[in-house]
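Annotated features, as they stand in TrEMBL:
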- 94-143: domain 'Inner membrane component' (DOMAIN)
- 306-422: domain 'Sodium/calcium exchanger membrane region' (DOMAIN)
- 91-110: transmembrane segment (TRANSMEM)
- 117-140: transmembrane segment (TRANSMEM)
- 187-213: transmembrane segment (TRANSMEM)
- 273-292: transmembrane segment (TRANSMEM)
- 304-321: transmembrane segment (TRANSMEM)
- 333-353: transmembrane segment (TRANSMEM)
- 373-396: transmembrane segment (TRANSMEM)
- 408-428: transmembrane segment (TRANSMEM)
- 470-490: transmembrane segment (TRANSMEM)
- 593-611: transmembrane segment (TRANSMEM)
- 623-640: transmembrane segment (TRANSMEM)
- 646-666: transmembrane segment (TRANSMEM)
Amino acid sequence: YLYSSVLHFYSFFFPSGTGHHACEESWEMIQNKRTIKVENEVEANKLVNNYRFGFRKWKSHVTKRPFERRSDVVKELYSELNVVKPHSGQFITFGNIVYVFLFGWWVSLAHLLVGTLMFMTIIGIPYGKLCWTLCGYLLWPFGSTIGKTLRRCCEQAPDCECRVDLDEDSSPVLLPSPTEIHRPSTYVWLLLGYLPLVIVHSLACFLSWILVFTIPVAKLNAQTLSVILLLPPEDVSISSSSQRQHHGYETRARLCCYYAANWYYYKYTVDGINVFAVNLLPLVIVALVIGYVDRGNQWASSDVKFATAIGSIIPLSYYIGMGIASISAQSNFAVGAVVNATFGSITELTFYITALLRGHRTNNPCLQEVVKAALTGTLLGCILFIPGICMIIGGLKHSEQRFNSRSAGVSSALLFISVGGAFAPTLFSKAYGNLVCDSCTNSSSGLFVCHNCHYDLKNSTLFHSHVEPLVYTVSALLPLAYIIGLIFTLKTHSHIYNIHVGDGQVTDHHETVVHWSRWRSLVILIVATVLTSACADLTSEHIQPILSQPNVSQVSICAKVSSPIYNFTLIVKSDVCIYFYLVSCSLEVGRCIAVQVCMLQIPILVVFNACYDVGFELLFSDLHLWASICSVILVNYIFMDGKSDYFQGTALVIVYLILLALYFFAPSPAGC
């Protein structure tokens, strides 16, 4: 009706139909903004899953993208330091200067000392000269080139025997020839000179790789260690680009570096995994070693063990997400839905179950409250913080973004059902429970002042006769609603979530090379799940000393630390999605996890408690109850019009910060 009214309005002022064409063009622009171009059918399947209810959202590519189709910036990230390129820029940059202070001086000093040592052996003087030559190069390598010297025959004798083809000997590691390796100087070099430099360059390579943005320095050291130091010293020459143009020799480039840092290396991936997640993998080993070997806290305190264990969840969650996305993109929707439902919440569930088991073994009811606080913290973070941050970051590039209001309406309805069902036993207990107060005193005015008032359910038949059956009923209905939602979005109304793939962008499915096969993804999922369980066990073990501190509230530590860590990769992926106008995908990230918390994680915890009684009761405090309900109402109100901007995102983040302040100043439950 609105569309036809606009047409009538424009037809009145523009009889020639100009208004009609303008409206048609604007409508076409909106439709084109929803058209997403992908490289192959596997990526298209992954993007479709990102918009369907029940699937964990994943932004990273699950297939190997053709290198020739990548941008020049990305090509530069993956290029080797053995190609001489025409360069007219300045080499004195901030990153290059930082290189001298962080790496250049001590790597150069190491070569100076090793070169002096080789001169002292007399027999290793050629390698000593090589080290002294590399000493100056490694202090400032930018703009200079290390090559293997090759004699060039005269142009009048093209068949000269000394002419060498430049394409020969292109192996990445160049050992001395059989005649040269029997030279005594080679043995002296390998024993006295090369081994110390292996340690120096390995350390420099490790440190520069950990810093991510200095990965070119890591490539520089790796190339020096594996290629340059294994060449015969007389075949190594260093020259600048101007010298190579007028020199009497040709040099084959073995090492050529222009910049020590590149700010775009945050995009760098190793086998499809972001470099930050790869660099955090050693943290998992450290967490397991200090957690299970150092039982007496001799090497590290409980605070350090807790921080290390919960930080190691970040890379493991990334690998679990990559495995889920890889299997889902290469399988049909039924298999994808099963994998998402099985492994999608495995990270959080391992923490919850291990915390409940530890609380039951140590007779510590506080860990049950920790689990409830973590559940609510995850819920609030997914409902408020993730969409809010997404809208703010998207507002940096787009003044206003539109998304599929129909799909958002489906997710909103499921969110209402899930939160209402999860907190139904709490509302029931407050309506029919007995209010019990402790430490009541009679004031001078005749009124009683009471503290620690709560609803007592254990001393009456209300819990076992009414509340507990309600909990089991809700736990059976919520997964049923989840299954119906999957059928709705995957089968009967899948057209709501369809993505129009750009023309000419899809290649043959058989030519697509995936990073991880289905079997490899399954193995990685299982291994990552086992490691996550171990790290979650350490987290629940060492969280109690932190909660015992007088200035720390357990609901605060769970709402502000545990939950955001477990969903860190989701926040990063959703921010990247919305920055490139994938706003529907980004907003679905938070609500999908929130729905899984209520419709899958909570029922699984209830079933686990029924099979192995750990004392878990699906009853939340007033703060958890009203914070969750108000958050659901607020976010559904904001998403009602199908548009988003940075102001709406700011409102969600401000509300989230207000709730965090409430949790921070809230006292711990009685007995904790």
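Keep in mind that glycine also has a Cβ here, set from the backbone N, Cα and C atoms.
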Touch test for the transmembrane segment (187-213) and the transmembrane segment (91-110), at least 3 Cβ pairs under 8 Å: yes
Contact ranking winner - 91-110, 273-292, 408-428, 646-666 against the transmembrane segment (623-640), Cβ under 8 Å: 408-428
Interface check, the transmembrane segment (646-666) with the transmembrane segment (408-428), three or more C-beta pairs under 8 A: no
Counts by DSSP class (helix H/G/I, strand E/B, coil) across the domain 'Inner membrane component' (94-143): 42 helix, 1 strand, 7 coil
